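Note sheet for the following structure.
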């Protein structure tokens with residue numbers, strides 16, 4: 001969400017006044033007359049003098065609030081406009097001493113009291129300097145106005161100028177106050193939206209301090225690193241979470257049900273509200289008697305227990321949950337599964353990467369972290385995600401299953417554990433083989449078949465970024481590579497094995513995606529299409545297009561590399577020939593000597 005304060009920024013105009021640069025600042029609330037008076041004051045001309053602005057190439061500039069801004073290098077030149085007083089048949093009410101009617105032509109004359117010394121160069125060639133004007137029937141040409149009359153006129157003009165000045169200052173003050181109030185209101189709104197982010201940062205700092213303290217106090221431990229703090233207690237907020245409840249528009253509600261939903265447009269508060277809406281929309285709050293306040297506390301605590309990793313963060317959690325929600329509607333899963341299964345699918349999707357440290361299972365095992373030791377090298381991260389999920393649910397304030405009978409909770413717990421453990425990509429081939437075997441005679445009434453289908457569904461959602469439009473999917477690739485490179489850099493520094501697809505010196509965006517799309521994503525979604533044909537157009541077609549796009553990108557990269565090699569070869573060859581010529585010249589000079 002943007003600041004919004006830039007719309008209230010005043011405009012600055014630079015004027016060239018006899019070779020001196022004068023800066024004039026005004027707000028968008030000034031009118032053309034106000035701006036012209038400011039320019040007159042800046043240039044030393046009387047107020048209400050008609051002036052024109054010229055650019056450096058003598059083009060005229062309109063004097064109004066929307067006039068184009070300039071810089072000190074391109075100041076505008078100010079020129080007074082010479083207005084020729086045309087004669088008009090105005091009858092003078094006063095008769096001259098000779099009894100004649102004063103209907104003779106008017107002569108141009110400067111008004112007494114406003115005459116200013118003429119500046120050199122004030123009028124360009126081709127302009128007409130105003131001639132002095134003689135009031136009709138009052139004085140003969142060459143006759144001076146009496147001093148008392150001149151003093152009276154000057155006094156009146158001074159009072160009028162003072163009144164105009166006060167009026168302009170009041171208007172400017174009002175505009176400035178309104179401007180500041182609007183900016184302050186916008187800032188208050190923005191600061192309110194940052195409350196959750198600030199609390200999240202505080203929580204992360206606290207966790208880092210506790211982790212550092214735990215590391216420094218640990219001695220003679222075979223584990224190199226610890227991502228756990230045994231004394232950490234997940235304490236949710238006792239009060240109702242402070243994130244605002246957004247009212248989703250009908251367009252947002254409709255878009256939320258589709259895989260094309262743009263997950264990058266939403267702030268954490270808005271994502272929390274969207275997740276809350278999903279539970280209400282699917283009837284889970286109603287069917288399982290979930291307290292709405294408890295649901296909000298649970299979502300807030302889940303948000304707090306996702307780390308700020310480049311990829312495995314709360315936005316990824318929302319991305320997976322939203323894809324699961326869209327598949328429920330796309331494939332009409334509520335007709336195939338019970339509400340308990342829908343609750344398991346949605347809750348497992350939200351919790352599937354809780355407290356992810358940003359380093360995968362391979363690193364955990366090779367570095368002998370506390371997670372790997374605790375779970376005996378068997379899916380250490382996925383086991384940890386499950387443990388954190390049920391630590392949160394163990395808190396009464398966050399237990400969204402508190403009104404479910406013990407047998408029902410046991411079924412939900414076992415289902416969530418099964419699905420979260422299935423997200424370990426080391427088990428991908430095993431799960432796919434089992435599912436393909438069941439696909440030959442798939443039975444929706446068979447519990448084993450349905451469990452495998454749920455495992456495939458959460459796997460599809462977990463790695464479904466390329467199903468989304470290119471502008472939504474591509475930033476996720478950059479985030480994932482950044483996390484991979486962080487891990488490979490750490491593995492290099494610690495002398496651990498480095499996977500080629502994580503090495504910043506070997507992998508590119510195209511090479512990273514082509515194999516994954518061709519051999520993991522497309523086969524898995526093709527299998528799902530056999531049960532749900534509607535998946536082909538909505539999800540499989542974007543995968544084919546993504547594969548073709550990255551293959552084309554790889555061809556371009558390869559061509560550029562080949563061209564670079566040829567260029568380097570030619571350059572090195574030319575350099576070698578130049579060295580040989582230099583040696584030949586030196587040898588010939590030596591022979592001559």
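Heads up, residue numbers simply count up from 1 along the chain you see.
Yeah, the Cβs are placed from backbone N, Cα and C, and that goes for glycine too.
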For the 3',5'-cyclic GMP site that Swiss-Prot gives with 312, 313, 314, 315, 316, 353, 484, 512, 513, which of 287, 377, 462 also belongs there? 462
Between the candidate ranges 534-563, 564-593, where does Swiss-Prot place the region 'Disordered' annotation? 564-593
Stretch carrying region 'Disordered' according to Swiss-Prot (options 87-141, 142-196): 87-141
Suppose we draw a 10 Å sphere around the Cβ of residue 512 (3',5'-cyclic GMP binding site). How many other Cβ atoms does it contain, all chains included? 18
What residue among the binding-site residues 353, 462 has the most other CB atoms lying within 10 A of its CB? 353
Under 8 Å Cβ-Cβ from residue 352 (Zn(2+) binding site), six or more apart in the same chain: what's there? 317, 320, 382, 385, 419, 420, 423, 458, 462
Where residue 312 (3',5'-cyclic GMP binding site) and residue 379 (phosphoserine) are concerned, what is their Cα separation in Å, rounded? 16
Winner by Cβ contact number (other Cβ atoms within 10 Å) across the binding-site residues 312, 316: 312
Subset of binding-site residues (314, 316, 512) lying within 10 A of residue 353 (Zn(2+) binding site), CA to CA, in sequence order: 314, 316
If one measures from the C-alpha of residue 512 (3',5'-cyclic GMP binding site) to the C-alpha of residue 379 (phosphoserine), what distance in angstrom results, rounded to a whole number? 23
